[in-house]
């Protein structure tokens, strides 16, 4: 995770993003190109996660959200899913102390109730250990889907209406937003997708309404500081209008 010999330089490009989300794609193809099983690529992908978290800490990002396991990933072969779950457990066990040491707050977003009790306990333990940290907020999206996120928020609003707490005609974007994952963080400014595909794959559908999108052919295990830096530099060149006609300085909003 973050290196002890690197300082938090806060050297983001001018008007750099505060919250970056990454769709980590390409582990399987990376492994296949080397004649290995897909899990070999997922294991290599953990190293890319370490590099990315370290980069985010040392460059002063407020939040980094990583798409680790989508709700659709259960359709993969059972052996691969099982291996991914075990890898998740091992990664939590091996990395959470380092995250805590570097003032990183870890949160897992998604429907974690489908995970094994063992994995759910690791998640809870890791979140509790780091919950008071004030540095980077690292969000791991696991068994997460953007549609699920919106639906679970709507259900909570519906319960309030049913109980007479909320009037249907008073519901607005702000009402729903407070029940959507990541509502307490800065909006997602930049979405990076590795692996060459140009799609969102049901990731943070509500939260990325005005995010800039950056696609790279680099497979996730090869994603490093240089590629991350390139994405931030590309972001700095964008003119963000948020639906208007005049570019807006996100730092001033």
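Keep in mind that glycine also has a Cβ here, set from the backbone N, Cα and C atoms.
As written in Swiss-Prot, here are the features:
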- 25: active site (ACT_SITE)
- 73: active site, proton acceptor (ACT_SITE)
- 25, 198, 212: Mg(2+) binding site (BINDING)
- 26-30, 38, 42, 70-72, 74, 76, 193, 199-201: substrate binding site (BINDING)
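Features as recorded by Swiss-Prot, highlighted on the structure.
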{"residue": "25", "record": "active site", "Cβ contacts under 8 Å, 6 or more apart": "193, 194, 195, 196, 197, 201, 219, 220"}
{"residue": "26", "record": "substrate binding site", "Cβ contacts under 8 Å, 6 or more apart": "41, 194, 195, 196, 218, 219, 220, 221, 222"}
{"residue": "30", "record": "substrate binding site", "Cβ contacts under 8 Å, 6 or more apart": "41, 44, 45, 219, 220, 221, 222"}
{"residue": "42", "record": "substrate binding site", "Cβ contacts under 8 Å, 6 or more apart": "27, 31, 83, 84, 87"}
{"residue": "73", "record": "active site, proton acceptor", "Cβ contacts under 8 Å, 6 or more apart": "81, 84, 143"}
{"residue": "74", "record": "substrate binding site", "Cβ contacts under 8 Å, 6 or more apart": "81, 114, 143"}
{"residue": "198", "record": "Mg(2+) binding site", "Cβ contacts under 8 Å, 6 or more apart": "215"}
{"residue": "200", "record": "substrate binding site", "Cβ contacts under 8 Å, 6 or more apart": "23, 146, 191, 193, 208"}
{"residue": "212", "record": "Mg(2+) binding site", "Cβ contacts under 8 Å, 6 or more apart": "17, 189, 190, 191, 235, 238, 240"}
Next item on the list: Tally every other Cβ atom lying within 10 Å of the Cβ atom of residue 193 (substrate binding site).
Entry: 24
Note to self: Can you tell me whether DSSP puts residue 28 (substrate binding site) in helix, strand or coil?
What the structure shows: helix
Note to self: Given a separation of at least six residues and a C-beta threshold under 8 Å, show me what packs close to residue 71 (substrate binding site) in the same chain.
What the structure shows: 110, 111, 143, 144, 145, 148, 202
Notebook entry, point to check: In which DSSP state, out of helix, strand and coil, do we find residue 193 (substrate binding site)?
Noted result: strand
Next item on the list: Starting from the Cβ of residue 28 (substrate binding site), draw a 10 Å sphere and report how many other Cβ atoms land inside it.
Entry: 21
Margin query: Under a three-state reading of DSSP, tell me whether residue 212 (Mg(2+) binding site) is helix, strand or coil.
Written below: strand
